[in-house]
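Working notes, structure below.
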Amino acid sequence: TGLSRPRAPAWGRALLGRATMGCTASTESHGVEQPARRHSISRRYSLHELLGQGAGGVVHRATDRGTGKQFAVKMVPEGAKGRWGDIANEVAMMQKLQHPTLARLHAVVPSNTRTCLVLELYPGGDMIHGMTNYWKDFGMIPMETTRNLSKQMWNAISYVHSQDCVHRDVKGDNFMMDTRRITHPDNKIYLSDFGTVCECPPEQRLAQRCGTVSYWSPELFQRNYSQKVDVWAVGVVMFGLVSGKFPFKGETEVRSKDLRIPARCPADGAELIGLALERRERKRPEAKKLGGHRFLRGAAAHCD
């Protein structure tokens, strides 16, 4: 089964978020602009076309009336069932986790009816969109592109883990690109969608299921997991980059199916994917270690 194309316009879908369970929020602002009083988003920003919509709200392209700079504005109704706690957690995690490899939150604009997040606008769309477009027009993605994107994914996850957090919904849809051509040597990607992020030191165990089932590790199915669920998920994305498919379909295959990496993948790349998709959590390396794997050396990553 091939990796599916996004159901909503490229990068807008990745910003809409999903249910968050068992997350710990922070109240520090870390430089994110937070207006002292509630007011309409339209006072400062001109809203343009709809970029995406879902249960968590809508995302519009917007222009700052004062500077002319473009952003993405995610609007979440304050009365939406189950969403207020999610958006508060998402804001807290984006304030805490600030790094060149992560999507950036510029401002939080509350009103009486909704909360608006003013986010960096990434014109390249999400990585799944870039992958499927390339497959359709040209065939398999070049290995140098896989190396470049993989290096950036590992650096993003390594940073999140270094801050004693876990993302829990790592996938191609949630990496935003700054150029539409996925094979561009300077293409930079940014991890987004922080609705499932929570604080989780390496020794802590979590039980709540969240994220996207196709990227779940064996221990997430078992409801007893920690940071290495993100390591497994990056392995799934890497497998998709070299094959155009998911490595497993369903819990039974995750637990028992032999991993067959396409012959076009060099030996060191296959080794890295195999390490990330190690079923035994205790033997699966940490993200930081895999980020230094020999397959990734020389990749033009933007986060060192």
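Placed from the backbone N, Cα and C atoms, the Cβ positions cover glycine too.
A TrEMBL annotation is a machine prediction, not a hand-curated record.
Bear in mind that the values here come from a model prediction, so they are computed numbers and not experimental data.
Per TrEMBL, the features are as follows:
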- 45-296: domain 'Protein kinase' (DOMAIN)
- Lys74, Asp193: ATP binding site (BINDING)
- Asp169: active site, proton acceptor (ACT_SITE)
- Lys171: SUMO2 cross-link (CROSSLNK)
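Across the structure, Asp193 (ATP binding site) and Lys171 (SUMO2 cross-link) are spaced 10 Å apart at their Cα atoms.
The DSSP secondary structure for Lys74 (ATP binding site) is strand.
Most other Cβ atoms within 10 A: among the recorded positions Lys74, Lys171, that distinction falls to Lys74. Within the model, the domain 'Protein kinase' (45-296) shows a mean pLDDT value of 94, rounded to a whole number.
Recorded residues Asp169 (active site, proton acceptor) and Lys74 (ATP binding site) have their alpha carbons 18 Å apart, per Cα-Cα distance. In this structure, the CA atom of Lys171 (SUMO2 cross-link) is 20 Å away from the CA atom of Lys74 (ATP binding site). For the recorded site, Lys171 (SUMO2 cross-link), the DSSP three-state label reads coil.
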